[in-house]
Amino acid sequence: MKKYTEIKDISNLSDMIKEAILLKMQPFEFSELGTHKTLVMLFFNSSLRTRLSTEKAASNLGMHVSILNVNDAWNIEFEDGSIMNTNSSEHIKEAAKVISQYADIIAVRAFPGLVDKEKDASEYILQSFIKYATVPIVNMESATAHPLQALADAITITELSEKRKPKVVLSWAPHPKALPQAVANSFVEMMIEMDVDLTITHPEGYELDEIITKNTPITHNQTAALKDADFVYVKNWSNYKDYGKVLNEDPNWMMTQEKLGTAKFMHCLPVRRNVVVEDAVLDGGNSIVIKQANNRTFAAQVVLKRILENL
Ligand code: CP
């Protein structure tokens, strides 16, 4: 593996999931692989799971880890040819090359601004690192994608499915703040790669990018979508058409135990209780969110292992 910035970087998903599950059983089997190798993790935005699980994954492989909250460093300019006489002190062309000298792998988290759809779609931060860094790049959630989360989700469904082809529902939920589409995008892309029966349900107008959803069934009737579901993945995203707007906070879309029935409940976390999902779901036996978060380590570990093997 040369990089992991998008799901398309996985050549054989089934093998990758199997390898992640093996790493989970023996996390230290390749603890020499990363000796004298450094993972630099760059955070333009907050994180709990991604930061700690990726650090743990690298540590399981024997890597050294350096973490930089980018807001603590010099303001980086991304525009080519700009006259840097305002707030930016350093250009990505230098920054990425300099960081590459300290790192064998660079992992980047950079959320969208949710104001300029085209700018976010360009993935200018992630793409600039891919362009100017001289070492492999891992996406720890970018403007439009969260492929490490989606790999952890795929591992979780593979481990816990009691059927050959489970019914998986992605259900939009209300949220007071404008959130990115990244998690939902990557989850849909990943489920399309898996042998599952995927349905998406959201309020009218909340369609995701149809380049991502392809021909996945989409319904505005949450009750109908949830019928006979095996896994229900709940996630808010802000409006994609009226880009970045919160146009619907209808509490009727919150996931409840009654709606969930016997299905397993998934969420990438963090989650707002009694806004996105009621307490009874998270505190009940059908929630698999903690197992899902645990699999973030082994998703990151299989990615780092494969990149280290290719250095
Ligand atoms: N799910 C996820 O990416 O969590 P963090 O934002 O805490 O890293």
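Cβ coordinates come from backbone N, Cα and C, glycine included.
Those TrEMBL annotations? Automatic predictions, nothing curated.
Within R164, R272, the residue that TrEMBL lists together with E141, H175, K235 for binding N(2)-succinyl-L-ornithine is R272. Confidence for the domain 'Aspartate/ornithine carbamoyltransferase carbamoyl-P binding' (5-159), expressed as mean pLDDT, is 98. For E141 (N(2)-succinyl-L-ornithine binding site), the number of other Cβ atoms no farther than 10 Å from its own Cβ, over all displayed protein chains, is 26. A Cα-Cα distance of 8 Å separates L148 (carbamoyl phosphate binding site) from E141 (N(2)-succinyl-L-ornithine binding site). Taking the C-alpha atom of H175 (N(2)-succinyl-L-ornithine binding site) as reference, the shortest distance to any of the binding-site residues R49, H146, C268 belongs to C268. Distances between the Cα of R296 (carbamoyl phosphate binding site) and those of the binding-site residues E141, K235, R272 are shortest for E141. A Cβ distance below 6 Å to any atom of ligand 1 is met, among the binding-site residues R49, W74, K235, C268, by R49, C268. Distance between Cα atoms for S47 (carbamoyl phosphate binding site) and R272 (N(2)-succinyl-L-ornithine binding site): 15 Å, as a whole number.
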